[in-house]
Structures are given as structure tokens and as C-alpha cells.
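One structure is given here, and the rest of the page talks about it.
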């Protein structure tokens, strides 16, 4: 048994609360175990200067942690006057991941701003941010369709992320909490679509190596977890999830 009593391939309890805030076009509070992230999606009728006139939209993300999201208070990065390398890496990861499942041409010259604010951290904050941000973005785009600002959802597939790792005591484990992450011999973050295609694989040996066979096993366990996360996304999205599934089916038939 793991530190919190889970089996090796078991996610922590997942809860996605849609429309968590009243002002953003899309928002959720996602809780994965004791990790909690507020994700919002805001839409602007303009794109960055480098994209003007191209007819395509853009998706960008910001990520932050409140000072007491962790056991010891952290100084706000705004107070330091610059973002850490970790924060910049995570922001880029969230933006890249979401752009992979949106038809930016159909979005038109609009920018979707994703804001992910970690209010409690216990491992897996970047993967929780991606999983929650997808739901917030879908809610925002659904509102645009409802208001007839878009003819249809420009989303091509579902998207979620999780972590996997190798623990010296338990072997391959899914969805690492902070204690497990700090002790893992191998740590990996996986982003996948609903159709099982990889968007990002970030894997590191922590003073250890891992074999090709272990890599395949890690990916298999991650895929299981991501399918379960997408099932939770579908529950939170309701009829919007059905629209995405219909779009995916039409895309398969067109191939």
C-alpha cells in the first residue's frame, strides 16, 4: 500500500466543479487529492501582434501558486519581480497542450487567456492545471457558441494530464502526491488526448535510470489514469462533452 492507501494504478479522488467563479467566461475548481487549482478561461477579441491578419486564434496561459499553497509560505513571484524558470516552463506547457486540441483557424482572431492558480499543492499541480484548464476553456467556448459568436466548438478532442513514476518500494505508481514525488526514482508527466495520442511526455530519472520496458509500462499506467480523468471532464461538461464526442466521430469518419 502507498502512503495514502492507494493501489499503484489508482488516481487520488478527483472533483471538478464547473462555473466556480462568476466573472470569467469559463472557470473550474479542480481537486485531485489535496491538490486544488482554480482554472479560468477569458476570451479577448484580438491576437498577439505576431498573429494579426492571419485569421487564426491563440491560446496562452499563466500559472501561479498562492503563498500558502505549500507547507511553508512562498514569496509571491510578483514581489520578486520575475517569474521562475519552473513557472515559465509550466505556463508554456499548459498553452501548448491546449492549442493541440483546438482548431485555431475556426477560433478566428481571438485569444483565450488561461489562468491557473494553485490554492493548495500536494504534487501534480501542472497536470491538474492542464486537466482543469481544458474544462474551463470548453465552458468559455461553449458560451461563445451559445451567444452565436462562434458557429460551433472548435475543439478537436479531449485533453488531460497526469503523473507517473517509479518508487523504490512500490514500483510504477500513478498520480504522485508530494511525498511520493520527492522520493521517486523516476518522475514523468504525460499529456494525452481522448483518442490516445500523446501531446507531451516529460520524463526524468532522479539519480536513477529506467528501461525501455519500464517506459512502456509507465505510459500504459498513465493512459489508464488519463482515460479516468477524461471521464470526469465529461461529467463536468455535460452536453458540451457530447458535442466534442460528435466532432471526434465526424473527424474519424472523414479520415
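Glycine is no exception: its Cβ is also placed from the backbone N, Cα and C atoms.
Of the listed candidates (86, 99), Swiss-Prot assigns 86 to the same phosphate site as 124, 125, 126.
Annotation for residue 86 (phosphate binding site): no same-chain Cβ neighbours under 8 Å separated by at least 6 residues are found.
The record gives 86, 124, 125, 126 for phosphate. Within 8 Å of the mean position of their Cβ atoms, the other Cβ atoms in that chain belong to 90, 118, 121, 123, 127, 128, 129, 189.
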